[in-house]
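Here Swiss-Prot flags 25-45, 73-93, 97-117, 134-154, 172-192, 197-217, 233-253, 261-281, 286-306, 335-355 as transmembrane segment, drawing on sequence analysis.
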């Protein structure tokens, strides 16, 4: 919005020329997201408490979690506001990739909101059924990926980390593959959101990493030099990624141990879906497995646990997802959280290193 209002004035007032620079608008998207979080945060928490939108704690989980009972949830509403407002203010709103990403983030946020509202406000313990959630997740992801491939003409080739000349073309199989990336990322982040600040930290780190890759993907010279896929217009996603980083840090202010508010499904599903569609648009789908390694491990721990118990009658972990396994082994919650953040930073650096290690 500000881009469209103020940049045209650059012809008469040179100061407004700064609005053409992605770096300037990205930095201020981060700052705006932080400001929105700090201004709206206390108000959102009070409203959630008034709605009695309080987290229900599993009785079969770690005993230390019982004291969290009654903490407001659905704080993902604050995250969404802190992403959408800066994006609308600082991004080029004629960019199709910005709107596609917002469509996925808000669509998945609506799924999570509906599930959370049924569970914590209407006291319907079932919420949305797994089938219902999966249906809507697949529908939204399918709509977004079909638009990108069939309308926007996005390449269906894959970029394989560490191999600069390996670009397998999936053709129309790319559509179900892209859907899998978005849905998988969404649910993986959802499974990770089990400790105070555990999910939002890695999400912010992932968003910062994709900020860099979006900027490179949208720059013809940089993408050619680094031999990464060139996606005209993808650079504008750096602004949205900046908003995600700011929103993540701003939410962490309230979600850090001991948490004042939880993000709920409205936050975890939307953030995961956002990371997934960012990976698809920037043509770094496989890189998401590296930078989002914590989310991958969390999801795999649940899959292996369920599979092992179903077919062998034995559990691999004391409890899944794996962060609960470490809790039951006696590792303090804050230590688990910070260690997972550190691992994510290392994985992000490895992901960035693939720009030259080819």
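Including glycine, each Cβ sits where the backbone N, Cα and C put it.
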Cβ contacts the transmembrane segment (335-355)/the transmembrane segment (197-217), at least three under 8 Å, sequence gap 6 or more: yes
Contact yes or no, the transmembrane segment (286-306) and the transmembrane segment (172-192), 3+ Cβ pairs under 8 Å, gap 6+: yes
Long-range neighbours of the transmembrane segment (172-192), counting only residues six or more past its ends (CB under 8 A): 104, 108, 112, 134, 137-138, 140-142, 144-146, 148-149, 156, 198-199, 202-203, 265, 268-273, 275-277, 279-280, 285, 288, 292, 294-296, 298-299, 302, 321, 323
Stretch-level contact, the transmembrane segment (25-45) and the transmembrane segment (97-117), CB cutoff 8 A, at least 3 pairs: no
Beyond the flanks of the transmembrane segment (197-217) by at least 6 residues, Cβ under 8 Å: 22, 26, 79, 189, 223, 226, 228-231, 234-238, 241-242, 244-245, 248-249, 251-252, 255-257, 259, 263, 267-268, 271-272, 274-275, 278-279, 281-284, 287-288, 291-292, 294-295, 323, 336-337, 340-341, 344-345, 348, 351-352, 355
Residues from the same chain, set at least six apart from the ends of the transmembrane segment (233-253), whose C-beta lies under 8 A from its own: 22, 25-27, 29-34, 36-38, 41, 75, 78-79, 82-87, 90-92, 95-98, 101-102, 197, 200-201, 203-204, 207-208, 210-211, 214-215, 217-219, 263, 267, 271, 274, 278, 281-282
Contact set, same chain, for the transmembrane segment (97-117): CB under 8 Å, 6 or more residues outside the stretch: 53, 73-74, 76-77, 80, 83-84, 87, 91, 127-128, 133, 136-137, 140-141, 143-144, 147-148, 152, 182, 186, 190, 231, 233-234, 236-237, 239-240, 264-274, 276-278, 281
Non-local residues, at least 6 beyond the ends, that sit with Cβ under 8 Å of the transmembrane segment (134-154): 96-97, 100, 103-104, 107-108, 111, 172, 174-175, 178-179, 182-183, 186-187, 231, 269, 273, 276-277, 280-281
